[in-house]
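S.K.: Annotations per Swiss-Prot:
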type    : residues         : note
BINDING : D14, E16, D201   : Mg(2+) binding site
BINDING : S142, S143, K176 : substrate binding site
Amino acid sequence: MSSSERVAKVVLVDIEGTTTSISFVHDVLFPYAKQNVEKFLRDSWEEDDIKRIVQDLQQVPQYADYKALLSGPPTEVDVDLIAGFVRYLIDQDLKVTPMKTLQGLIWAQGYANGELKGHVYEDVPAAFEAWRAAGLQIAVYSSGSVAAQKLIFGHSLAGNLQPYLSAYFDTHVGHKQEQQSYKNIAKQLKEDPKQILFLTDIPGEAAAARCAGLQAIILKRPGNAALADDQKTGFELIPDFKPLHNLKVPVNKSQA
């Protein structure tokens, strides 16, 4: 099915490599979190939500791995230990939920004080406007926390894009290469999976979504990872959102 023939009720967008450049995430957001995590923790160490995040970080399997790398066993859980662990997780690009939550809080400060602006590709705002005008819902599914997602779109280079978005999902619904995650999203949206179009740059995510009954298209944005020949088969590949500007909701045959 070509882009011009597709119909859907919901467009589910990935962020990194889909609406937003991978370089923004890896070259701007991740370094900002690494540079500011220690100060952020020192300033907020006694706050209840930070205490919960610190407790959750100590429960993830990678925490034991990190402690094993240290010159000696830590005598206490303090800012230096947790900040070092968070920097380790960022360097390893590990999708650990409490770390993502903490990153979101750090980025919130950066957006609030004007040090950060969310990157979106130039075709994204026009596509969002066209889809909403056609009656479609737009939802987001990213490994970044919901709070971080809202910051990128709420403080984007194109202004506040949150009014276009009706739902946000992160790893609390499951990991992005697991079929069940997309079934969970469809259930929460109260929508037939086949009426949801998922846009991503990762073939494994597209395959998981399709196995759950969703439609899926792969984005080939500049800077995205090159696709092997076997990854290109079976999926429509598009360079940006422009081929989908005419996306429509399905016609109710009883009204046609």
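Keep in mind that glycine also has a Cβ here, set from the backbone N, Cα and C atoms.
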S.K.: Residues other than D14, E16, D201 within 8 Å, Cβ to Cβ centroid, of the Mg(2+) site?
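M.R.: What remains near the Cβ centre is I15, G17, T18, T19, T20, I22, S142, T200, I202, E205, L219, N224.
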S.K.: C-alpha of D201 (Mg(2+) binding site) to C-alpha of S143 (substrate binding site): distance in Å?
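M.R.: Here the two Cα atoms lie 13 Å apart.
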S.K.: How many other Cβ atoms sit within 10 Å of the Cβ of K176 (substrate binding site)?
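M.R.: Taking all protein chains shown, K176 (substrate binding site) has 23 Cβ neighbours within 10 Å.
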S.K.: Identify which of the binding-site residues S142, S143 has its Cβ surrounded by the largest number of other Cβ atoms within 10 Å, counting every protein chain shown.
M.R.: S142
S.K.: I want the residues beyond S142, S143, K176 whose C-beta is within 8 angstroms of the mean position of the substrate site's C-beta atoms, in chain order.
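M.R.: Here the nearby residues are D14, I15, E16, K95, Y141, G144, D170, T171, H175, E205.
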S.K.: Near D14 (Mg(2+) binding site), which residues of its own chain have a C-beta under 8 A away, given they sit six or more steps off in sequence?
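M.R.: Looking at Cβ-Cβ distances below 8 Å from D14 (Mg(2+) binding site), excluding near sequence neighbours, one finds V140, Y141, S142, K176, F198, L199, T200, D201, I202, E205, L219.
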